[in-house]
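Visitor: Quick one: the structure is below, and I'll ask about it shortly.
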Number of protein chains: 2
Amino acid sequence: MSRIAYFGPAGTFTEQAARRLAAGRELVPMETIPAALTAVRKGEAEMACVPVENSVEGPVTATLDGLAEDSPLVAVAEALLPVHFTVLTRPDVDTIRTVASHPHALAQVRNWLERNLPEATAVAASSTAAAAVAVCDGEYDAAVTAPVAAQTYPLRVLAEGVADVPDARTRFLLLSPPGPQPEPTGADRTSIVASTANRTGALAELLTELASRGINLTRLDARPIKGNFGFYRFFLDFEGHVAEARVGDALAALKRRCDVRFLGSHPRADGVRATVGATATDSDFADATRWVQAVRNGEQA
Amino acid sequence: MSRIAYFGPAGTFTEQAARRLAAGRELVPMETIPAALTAVRKGEAEMACVPVENSVEGPVTATLDGLAEDSPLVAVAEALLPVHFTVLTRPDVDTIRTVASHPHALAQVRNWLERNLPEATAVAASSTAAAAVAVCDGEYDAAVTAPVAAQTYPLRVLAEGVADVPDARTRFLLLSPPGPQPEPTGADRTSIVASTANRTGALAELLTELASRGINLTRLDARPIKGNFGFYRFFLDFEGHVAEARVGDALAALKRRCDVRFLGSHPRADGVRATVGATATDSDFADATRWVQAVRNGEQA
């Protein structure tokens with residue numbers, strides 16, 4: 001049975017995403033995002049599941065940096081999970097004096113804690129699941145966790161659907177070494193990272209290569225390259241699949257201009273179908289290529 | 001004496017930035033970033049000091065959203081501070097069993113705590129300064145704080161320059177209602193927010209307006225507009241001052257294309273001088289405008 005490494009420990013949002021994306025596989029928790037990616041690069045796991053962006057906090061920089069460096073990995077699937085926390089306590093606890101969780105989770109439920117557990121001290125744990133373990137051990141009274149933790153630990157659910165921002169979502173990727181892509185569905189996302197010198201117009205030129213081929217951008221993150229001041233990496237997500245003519249043509253144009261790494265084409269979790277610019281369908285590209293060939297052959301003009 | 005609202009409480013990195021940007025003014029701590037901006041909008045403070053971006057964590061979304069909404073505010077100055085924490089303890093403490101700080105600060109010193117205080121429990125406080133107060137009160141043994149807190153509280157410095165990422169920096173803005181801009185220095189930054197429909201090529205067109213006028217982009221953040229699905233705001237920082245011809249010309253071109261809000265022109269904290277595209281100096285623009293006028297007058301062709 002194939003192994004799927006994920007950013008653990010067990011009982012976190014990433015485990016929930018991994019269960020959805022790789023049902024029935026052996027899930028192996030890793031301590032950090034880089035460790036999950038390394039497991040795939042070393043062949044110790046077939047694929048890795050990691051978070052890539054949160055609608056409130058923005059991109060997960062450890063994942064972006066990890067995909068841009070070392071040997072290439074590509075996203076073959078994605079999952080979108082609402083960031084709703086569950087608050088767990090031991091059945092024997094009457095008064096909640098301490099609430100533990102990961103610092104980022106505590107930051108996302110701060111208003112809820114102030115309203116509902118104003119007397120409790122918030123304690124930082126290494127993960128939402130580690131907080132649940134500490135509550136099981138009697139170390140703290142309550143834990144702010146992913147919903148999946150309620151199935152993992154023998155704790156009582158004090159509250160569900162807890163979130164200061166009600167429509168927060170996190171997107172997760174299932175990553176594998178380069179290989180055959182998932183089939184195009186018409187509702188696909190393609191991701192790349194393009195590295196270019198800090199030069200006037202560099203980004204405008206890259207985006208124009210996409211726009212002129214009728215490709216709609218869905219996300220852009222600019223990250224400085226560590227230890228290489230003045231150089232930026234642009235993480236671009238756009239509609240379409242590398243198997244489609246307009247996407248392949250655009251990737252070739254970008255490759256001429258700068259350093260490009262392909263990060264995968266896969267179906268969108270939200271199922272939104274691509275808008276294809278007029279004159280940018282596969283048959284438009286095929287017709288135009290045939291015409292150029294005919295011109296070269298002296299058959300048309 | 002004029003009042004400067006800042007994202008408090010006292011003893012935080014933002015107070016350090018406010019001291020640098022508004023030396024000698026009365027500094028008034030506000031509990032949240034929106035509250036600091038509101039104080040200026042209501043005329044209760046002359047200006048506000050807030051963080052805008054961190055080199056590790058990315059943009060401060062509360063500041064970006066707060067600048068895009070409600071009545072306009074413009075940045076008149078900026079400060080760049082290294083994110084190095086100081087660990088404070090009471091003089092009488094022998095063994096450190098608890099370390100308190102803001103959840104984001106705890107996340108940024110996690111490796112340091114694991115190496116240096118592996119036995120201590122990390123406790124989340126509402127701010128780095130609140131953690132210092134709690135240590136003064138004997139509630140916890142140590143606090144992870146901004147360096148300025150060592151001058152504010154009667155505590156002993158256990159460690160300085162603490163940071164898992166050694167070159168992390170935060171940029172802060174000093175914001176005022178619209179009015180006269182600071183004088184151009186040749187090393188200026190101009191910031192805008194442009195809102196546009198999610199349409200193929202929209203961003204490429206905006207960036208091309210800047211690039212074609214020889215304007216170098218320094219930052220781009222794309223943020224979805226809350227409650228208006230499919231619409232994005234682009235926060236753009238670029239070199240140059242609105243008083244310069246190429247910047248004014250580009251802003252007018254963007255204004256024709258989309259909803260633009262000016263967020264200020266001010267000297268860069270790092271002093272990096274603008275690269276002005278060849279053929280994009282003020283005299284290039286003046287010569288070209290004179291020529292068009294002469295053509296219209298029938299004097300030249």
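Just so it is clear, glycine is given a Cβ too, placed from its N, Cα and C backbone atoms.
All annotation found in TrEMBL is predicted automatically rather than curated by experts.
The annotation domain 'Prephenate dehydratase' is assigned in TrEMBL to A:3-177. According to TrEMBL, the domain 'ACT' annotation covers A:191-268. The site 'Essential for prephenate dehydratase activity' feature in TrEMBL is assigned to A:Thr170.
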Visitor: Averaged across the domain 'Prephenate dehydratase' (A:3-177), what pLDDT does the model get? Just tell me the whole number, please.
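Guide: When the pLDDT values over the domain 'Prephenate dehydratase' (A:3-177) are averaged, the result is 92.
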Visitor: Tally every other Cβ atom lying within 10 Å of the Cβ atom of A:Thr170 (site 'Essential for prephenate dehydratase activity').
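Guide: A 10 Å sphere around the Cβ of A:Thr170 (site 'Essential for prephenate dehydratase activity') contains 21 other Cβ atoms.
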Visitor: By DSSP assignment, list the helix, strand and coil residue numbers for the domain 'ACT' (A:191-268), in that order.
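Guide: The counts are 23 helix, 33 strand, 22 coil.
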Visitor: Once the DSSP letters are reduced so that anything not helix or strand counts as coil, what is A:Thr170 (site 'Essential for prephenate dehydratase activity')?
Guide: strand
